[in-house]
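Beneath this line is the structure, given in structure tokens, with notes to follow.
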């Protein structure tokens, strides 16, 4: 249960940050030009630190065993980077006629464009006992794909909202995401034994840096005197986020358990979490790059800031149910595959 406790603790910390921000406790700390200087420390240093830390901690050798499971990888990546954003776009066409804040709705679209996360989907898959290697591969591979595909999706669905030239987006992403990640992997090769022996707290380091990014984003949101964030829209967005997660988890379960799917119960567990979870670690820095200087950036970021703790909470609550299904399904399959004893005459 240690993994679940870690997830619940992370969700609780995000809740504290949200309460602090909503309560407007020293919101100016995080805004541009404030004591934290987020235009430098967040945009460049913090983002680079997260991905250097990811490169340093990512065990690439653990991914080789899952590399050949092509059908599973295609399913996860197509669902999360094609079906998910398209379905959200179609859903938003219906919601556009409602009084829900339009910028929060655009924020829902950005959630759909995000790649799978590196941590939560893997932790939940491991907690259930699913295909952890497949979860690790798809989380890492999805993050790499997201570096290129997510900005393209954002520009496709919200292109007119971006005030940053296309080349600037990818140059900044390359310098703050790809380069630190590669450097982290290179450094890992030389200090691998030390890392295995000392086991540095990579998760805690990334969480602390990410919390600083989240805090400054909330500060930007609630320090704006002209912000138009009504309670009705916020409550509806929270309800929609939980509904979307539950619906998509059910869809992935149905698709991956069809008779001709060839996926094992352990594969289905990895598919459920990797296909429906979205990355906050990559998402918030990417939104800050793609929509840098845009006046509605704070409102657009809110759904993603809600989606991350919501997916952790919902996933941890469903772990016992999914684990019970997986175990019973594995036993049933094992019984059907056992050769029948010859009947004695």
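Cβ coordinates come from backbone N, Cα and C, glycine included.
According to TrEMBL, the feature transmembrane segment maps to 12-29, 41-58, 70-91, 103-124, 136-157, 169-190, 202-223, 235-256, 268-291, 297-319.
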The transmembrane segment (70-91) vs the transmembrane segment (235-256): 3 or more CB pairs under 8 Å: yes
Seg_contact(the transmembrane segment (136-157), the transmembrane segment (297-319)) with at least 3 CB pairs under 8 angstroms, min sep 6: no
Surrounding residues of the transmembrane segment (103-124) on its own chain - C-beta under 8 Å, 6+ positions past either end: 3, 6-7, 54, 58, 76, 80-81, 84-89, 92, 95-96, 132, 135-136, 138-140, 142-143, 145-146, 149-150, 153-154, 157-158, 161, 203, 206, 228-229, 233-234, 237, 240-241, 270, 273-275, 277-283, 286-287, 296, 299-304, 307-308, 311-312, 315-316, 319
